[in-house]
Amino acid sequence: MSQVTIKDIEVLNCEYGKNTIKFLRLHREGKKHFVKEVEVCAHLRLTSPQEYLEGNNSLVIPTDTIKNIVLVLAKKNGIPSLEQFAIDICNHFMTTFCQVAYVKTYVQEVPWQRLHEDGVPHIHSFICVPDGIRFCEAEQCRNGPLVVFAGIKDLKLMKTTQSGFEGFYKNEHTTLPERHDRILCGELFCKWSYGECKDFDFNCIWKKIRECILEAFAGPPDCGEYSPSYQKTINSIQMLVLSRVSQVQVIEAVLNNTFYNVVDMKNLGLDNDKEVLVPVEAPYGSCTCTLGRKKFFEAQGQMMRDERKCQFGLAAAQGN
């Protein structure tokens, strides 16, 4: 068997970076304090893969340096929004280091909320409320556009009626009964793309999208809205976001469901009318869908094909 040499291979992708850079950024305005606790991952691709192929580290920016740069940017610029902070990181590496060909940054936030006492906001106390984790990504190739993604994950949602699952395909392996009234419960991951970066109010947009997600899932507060499947629920969420938030070009959603079994209490002499149920956490069903605006992809043209070659994130995957 002949030995493989460097001349026999092609480097498809090589990158490195620093993961889980965790810190708290405290901002003071007189006696009132503001906090942002985040976790950052920053990865680079250099103009040459010589550190991999030859062991030549002359172009390598140490990951400890990457970490320090992230902390310095947080100190100097603050974190007006997760997206803006990710953009700041990308801009710094692209404008400071000529050997950087590609940079990708991921930022997620710890969900601290200001504590209220009798309706009065506290000036320096906070409570961690796990009602969904906000995150974002920014990535850029040299001489290419800065692309921004944002999203929410670990958002647990439930409605106790106005959900069913009927009319599905059946064969000899089907044991699941049809249900016209069931609990719909799941953990949602939702990620969207703004396309090329512009001067958006990212905080306002993120809050609006979260409101759309909750509205589409639950329906009107006095009566709800019937969901025939987890898949249709995902579609309803995506369509509402695309209808109300023009800045979103592509939206991906994943819903991992939690099934609830009604406890049979007949042996206990009780009639359990879907009042006591037990969650079935594994195995669990999962469904996902990605939607994008046709006009956005038509406008992208060659740029989208180039991004696909670079194996970019969500937007590039739509070129398949």
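Using N, Cα and C of the backbone, Cβ positions are placed for all residues, glycine too.
If you look up TrEMBL, you'll see Thr63, Asp64, Phe165, Arg182, Gln231, Asn257 marked as urate binding site. Residues or ranges marked as O2 binding site by TrEMBL: Thr63, Asn257. Under the heading 5-hydroxyisourate binding site, TrEMBL lists Thr63, Asp64, Phe165, Arg182, Gln231, Asn257.
Around the Cβ of Phe165 (urate binding site), 17 further Cβ atoms fall within 10 Å across all displayed protein chains. The record assigns Thr63, Asp64, Phe165, Arg182, Gln231, Asn257 to the urate site; their largest pairwise CA distance measures 52 Å. Contacts of Arg182 (urate binding site) defined by a Cβ separation under 8 A and a same-chain sequence distance of 6+ are given as Ser163, Gly164, Phe165, Tyr260, in order along the sequence.
Non-local neighbourhood of Asp64 (urate binding site): Lys18, each in the same chain, at least six residues away, with C-beta under 8 Å from its C-beta.
With a 10 A radius on its CB, Thr63 (urate binding site) counts 16 other CB atoms from all the protein chains.
The 10 Å shell around the Cβ of Gln231 (urate binding site) contains 14 further Cβ atoms across the protein chains shown.
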